[in-house]
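Worksheet for the structure shown next.
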Amino acid sequence: MKLFDEIPAERPATPLLDTCEHPAALHDFNATQLRQLADELRAYLLYSVGCTGGHFGAGLGVVELTVALHHILDTPYDRLVWDVGHQAYPHKILTGRREQMSTIRQFGGLAAFPKRDESPYDTFGVGHSSTSISAALGMALAARTKGERRRVCAVIGDGALSAGMAFEALAHAGHVDANMLVILNDNEMSISENVGGMASYLARILVSKPYTVMRENSKRVLSHLPGALELARRTEEHVKGMVSPATLFEEMGFNYIGPIDGHDLPTLVQTLGNMANLEGPQFLHIKTCKGRGFRPAEADPIGYHAITKLEKTTSEPPPKKEPRSPNAATAEPEAQPKPQPKPRKYCNVFGEWICDMAAVDARLIGITPAMREGSDLIRFSREYPERYYDVAIAEQHAVTLAAGMACEAMKPVVAIYSTFLQRGYDQLIHDVAVQALDVTFAIDRAGVVGEDGPTHHGALDLSFLRCIPGMIVLAPADEAECRAMLSAAYHHPGPAAVRYPRGTGPGTQVASNLEALPIGEAETRRSGREGGVALLAFGSMNGPAGEVAERLDATHLNMRSVKPLDREAILAAARDHRLLVTLEESVVAGGAGSGVNELLAAEGVQVEVLNLGLPDDFVEHGKPAELLAACGLDAEGIETAVRRRLETSRADD
């Protein structure tokens, strides 16, 4: 295997890979050719992701597995399902999309994850974790029903295996004796370090004290018996089978093999070739290294989970700053430009707030489902380890865990991405809201998130949160409001959510205090022409709303609170303006604008309303600015929509 210390600056020579337009080309490759193909695939993957940015470490770790699977299986007739999809870049390259990799995660280009309408080789669309075994089982049972002899394989990581859904599928597959192969890609990592009983079980079982004591005592006894020690060595693997991961999976009805080296290509090919044709549920456990072949990624698998295209780098340290010239020291202070503060990421605002609040309230508990880094809980986890819980990829459990803590007068804060809260929705309703429990939800990645596409956009949360009785829903316009709203939600005696977008805010100065913003009170940011237009903006839409208000001499209200709405502000706007325009970075159906419509209808107020938000569709991948423009939610799109409505209204008068 070729190892790399830096990402290739030029496209590497890949003569064998260039001949593989489809996976069928791999079927006749010998062992030498497969090894060459794997090396070329890894080199091309490094170059490609270095040019575009994207998910990095996971794909490098499954190069050999991907080559072996497409060598053995007759895809797409045989079904191959990748869990999550972070590791699917090598699969995309081998399935006819090599020349399109330069467009991955870009507007109009290849998707970040497997996608059914992108390629027949992508048998199941993914993005969230732990769905692969259920989907593959469905395909296997459908093949049985139709009398088709097709092989079905699911590839799942050890992080995704921590979710209950994966075990539900394993139990069912064993019960119905399905013809399918499950491959556990065990790299001891998910996005953050793996936690939970399963990760600990897989890691510790063969080095546990009872097992090692039994083994050493047996060796001492058997060493006095001729030939017995050699016999013990030969039977040790059978003893391991009594206490190894095989115990768990074989009790579920699977034939367990492993663990084997997931980078040993000949062993992979031989093992997969044997297992793929066996009847019944098969389970192959492979051990891999995330970032394999690129030394910096092997050393820092979390940091190299994904990279940007600017990180074409190396293991070398950053360049040193040039020393200041002697003349610079004598320059007048007034001559130096005053550095502008960099806009802060919303997740960093949350990370600082939760540490500050924890310092003054010992009841605060921080909970996250495997998103410590993304939610910026690293500092909190270190300063308050006894009050920090990473529950792994278990969103349902995270929400109900918080509910249980709230029952005991604790103050849990659940840090979760908008798209992943969808997985804990029943628990949010049944376990938190019905009981009016005091749980705060810090909802990150609200609205369009960019290159990861429709499975990761936070487009639905305003709609599914607003309809829950007793729920408080707040949407900050900037970093300062985000901190103040987190305090407001935390002090509210019931379920409350603050939803904020990915990335940086507009650069507003953030206070260091913990003062709360009043709930349900809008802010008038601009008073426009009476009888004209009023823009009612929620959250991130206050940015473009400010621009449009200036162009149209319109009133601009920062609504702040999605639920409850500021009744008085809305009624006043309806009284003084001919057109109300609601703006939200969420789907219109059931969202904040719908709430305004419902309030006006309940009050019997007749005024023209234009609701602008994300479309009734799944928004594709691309840069957030591109996506918002495509949805008509940039300043130009909003202005055009408002002017068009005004022209239509005048024509009807």
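Cβ from N, Cα, C; glycine included.
Straight from Swiss-Prot, the features:
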BINDING   H86, G127, H128, S129, G159, A160, N187, F294, E395  thiamine diphosphate binding site
BINDING   D158, N187  Mg(2+) binding site
REGION    309-343  region 'Disordered'
COMPBIAS  309-324  compositional bias 'Basic and acidic residues'
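This view paints the features noted in Swiss-Prot onto the structure.
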residue: H128; record: thiamine diphosphate binding site; contacts (Cβ under 8 Å, 6+ apart): V84, T419, F420, R423, T455
residue: N187; record: thiamine diphosphate binding site; contacts (Cβ under 8 Å, 6+ apart): A58, G61, G157, D158, K287, T288, C289, K290, P301
residue: E395; record: thiamine diphosphate binding site; contacts (Cβ under 8 Å, 6+ apart): P369, I416, F420, L421, R423, G424
Pairwise CA distances across H86, G127, H128, S129, G159, A160, N187, F294, E395 (listed as binding thiamine diphosphate) top out, in Å, at 32
By a three-class reduction of DSSP, E395 (thiamine diphosphate binding site) is assigned helix
